[in-house]
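Notes follow once the structure below has been shown.
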Amino acid sequence: FEDFENYSYIYDLSEEDESPQSSLSIAHMISLSFYSVAFLLGVPGNAIVIWFMGFKWDKSVSTLWFLNLAIADFIFVLFLPLYITYVAMGFHWPFGKWLCKMNSFIALLNMFASVFFLTFISLDRYIRLVHPVFSYKYRTVRNTLILSGIIWISAAIIGGPALYFRDTTTVLNNITLCYNNFHVHDRELILLRHHLLIWVRLAFGYLFPLITMVICYSLLIVKVKRRTVLTSSRLFWTIIAVVVAFFVCWTPYHIFSIVELSAHHNENLHGLLQDGIPLSTGLAFINSCLNPILYVLISKKFQAQVKTTVSEVLKLALWEVSHSGTVSEQLWSSDNTNAPAHCETAQ
């Protein structure tokens, strides 16, 4: 999202009359496969998590955190077909200006909401184990719902500039691009606004959450005397796995964001960015389908629920098949029995 995937095509859009490439590079084709996997696994995976945690399980503080995380990923993967089409068509955006704005906004909303919820999950774990009295008093479902609302609003505000700056423009061969239009003709001011957006995204979407989580888990290890209690908890390892997966997937993206800032003054970096940016973006998008897989691999409760649900679905399907077969046989038998009577009446 932002200008990354078609970076080399609209980097100097105000000064150059350059159109997108006629064929996709290998890096872009690999990134397309990442986007497709994220969509195909992310939609059913996150839908299952939302179904279990939102409708099947009893509401608790922990399930509410993970439920919101799944909702953020689910909303994002629903918009991925637009992005896949955009890249597959050689960065031609046929969906209009408002979907251009909304698609970029949803991507940023997902990133900020996901990392904010992971941060609060880490803080929640620390408070529960290190400050049990405070946790008992204030760690309630009601307060968690309030905090969740604040997190969603904060993520929407920080990602909000996409709704203002994202725009469409037509270049050669009637190709329509979805890009950041900073509404100025001063190149220095354009770069200033672009740099500001990158640093805000890096600070709130990566650095501050990373520092917070490192401090939380470091203090947990130091202060929790019975470490076996900490490390034997499957919830603890689930949280660790989700946090590690997030930063493994998103770290390359943010690194290339910083490199991209230097590329405005160093043309030698353009070749690196043309391959690195689509690959790192594809890896970041993969994160949206990983959490349900991690839950199944680590959480015994989730494994049991999935097995039970699959078993119930299979039983229902088999019952419907056998029931429909019985009904068909009864109808066929009834038709054959009644047929002579109709013939005699007709005679």
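Each position is counted from 1, following the chain as shown.
Each residue, glycine too, has its Cβ placed from N, Cα and C.
Nobody curates TrEMBL annotations by hand; they come from automatic prediction.
Keep in mind that this is a model prediction, so the values were computed, not measured.
As recorded in TrEMBL:
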- 45-295: domain 'G-protein coupled receptors family 1 profile' (DOMAIN)
- 32-52: transmembrane segment (TRANSMEM)
- 64-84: transmembrane segment (TRANSMEM)
- 104-123: transmembrane segment (TRANSMEM)
- 144-164: transmembrane segment (TRANSMEM)
- 198-222: transmembrane segment (TRANSMEM)
- 234-256: transmembrane segment (TRANSMEM)
- 276-298: transmembrane segment (TRANSMEM)
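Across 104-123, 144-164, 234-256, the stretch most heavily in contact with the transmembrane segment (64-84), judged by Cβ pairs under 8 Å, is 104-123. Tertiary proximity for the transmembrane segment (104-123) is limited to same-chain residues at least six positions away from its ends with a CB under 8 Å from its CB atoms, namely 1-2, 62, 65-66, 68-69, 72-73, 75-76, 79, 83, 147-148, 151-152, 154-156, 158-160, 162-163, 166, 178, 201, 204-206, 208-209, 212-213, 216-217, 239, 242-243, 246, 250, 284, 287-288. Non-local neighbours of the transmembrane segment (234-256) in the same chain are 4, 62, 69, 111, 114-115, 118, 121-122, 125, 201-202, 205-206, 210, 213, 217, 273, 276-277, 279-281, 283-284, 286-287, 290-291, 294-295, 297-300; each lies 6+ residues outside the stretch with a CB under 8 Å from one of its CB atoms.
Within its own chain, the transmembrane segment (198-222) is flanked in space by residues 108, 111-112, 115-116, 118-119, 122-123, 125-126, 129-130, 158, 230, 240, 243, 247, 250-251, 254, 257-258, 260-261, which lie at least six positions past its ends and keep a Cβ under 8 Å from the stretch.
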